[in-house]
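A short write-up of the structure that comes next.
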């Protein structure tokens, strides 16, 4: 599991930062990539990374402001042009389906893969399979905006091979049957219950990716005990009132949410273009004063998520 930040700026592109898009690479877990927001020129940013459009399985849109969706029609079309045939699902607020349909229709773009658009109308679980589930809550922004909590389900423990070898059980197909929890009878009549030869389960990871938001309780709830919290930091602490007026957060408020939620790690993004060059490091300094395990994303930077 690895983050690749494709765009980390706020509102409009700048020389140093493109607008919002985050890839969550789940190559080891499911051989796919999930994308969170898709601002203008996202597909161009992708060209500079290991992200492959054909591997994008899901796109989660936080809200319908242009800096979060204007790259979507182009990416959907290019995925088809590049030979993508596997299904893709887009999740987002009401209106995202109309936006996609109109853009593709007017431009006569025909995608050659199954494309599903799921409009989120209420909070709760928007996706679940045997590996992950994704929950969402409304945030505090100028228009309807959602944050996402991605929960990896606990992973089955490893087969206790040494224990089996000590009992004289030789490696072979029987190991798989025991791993699957079957009850197996050996040639000498010994009965083995596979569940007794499985180690403790490995705790799944929790990832929280928030859209644009003021400091709010929903952010804390989504981030509770997260291994990684990705939070916007549009403004510095001295501009807290301005952040509130424009429905955004400061770096210090992001750190406060991480602290309250008992998150393990905080990554700041959605940085205003007023912070050019190294001036953005002041945002990082302010956040670390409150929550030390904070990093700030820059375009094309990757962040592995350890198990």
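Placed from the backbone N, Cα and C atoms, the Cβ positions cover glycine too.
Lifted from Swiss-Prot, the feature list:
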BINDING   63, 65, 141, 212  Zn(2+) 1 binding site
ACT_SITE  67  active site, proton acceptor
BINDING   67, 68, 212, 270  Zn(2+) 2 binding site
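Put simply, residue 68 (Zn(2+) 2 binding site) is 10 Å from residue 212 (Zn(2+) 1 binding site) when counted between their Cα atoms.
Each of the binding-site residues 63, 65, 68 was scored by the other Cβ atoms within 10 Å of its Cβ; the lowest score goes to 65. In this structure the C-alpha atoms belonging to residue 68 (Zn(2+) 2 binding site) and residue 141 (Zn(2+) 1 binding site) are separated by 13 Å. Residue 270 (Zn(2+) 2 binding site) is 14 Å away from residue 63 (Zn(2+) 1 binding site) when you measure Cα to Cα. Taking the recorded positions 67, 212 in turn, the residue surrounded by the fewest other Cβ atoms inside 10 Å of its Cβ turns out to be 67.
The most densely surrounded of the binding-site residues 141, 270, judged by C-beta neighbours within 10 angstroms, is 270. Between residue 65 (Zn(2+) 1 binding site) and residue 270 (Zn(2+) 2 binding site), the C-alpha separation comes to 13 Å. Residue 67 (active site, proton acceptor) falls within a helical segment according to DSSP. Taking the mean position of the Cβ atoms of 63, 65, 141, 212 as the Zn(2+) 1 site, the remaining residues of that chain whose Cβ falls within 8 Å of it are 62, 64, 68, 139, 142, 143, 145, 211, 213, 247. Across the structure, the residue listed as 'active site, proton acceptor' and residue 270 (Zn(2+) 2 binding site) are spaced 10 Å apart at their Cα atoms. Residues 67, 68, 212, 270 make up the record's Zn(2+) 2 site, and a Cβ search at 8 Å around their centroid adds 10, 11, 19, 20, 37, 39, 62, 63, 65, 211, 232 from the same chain.
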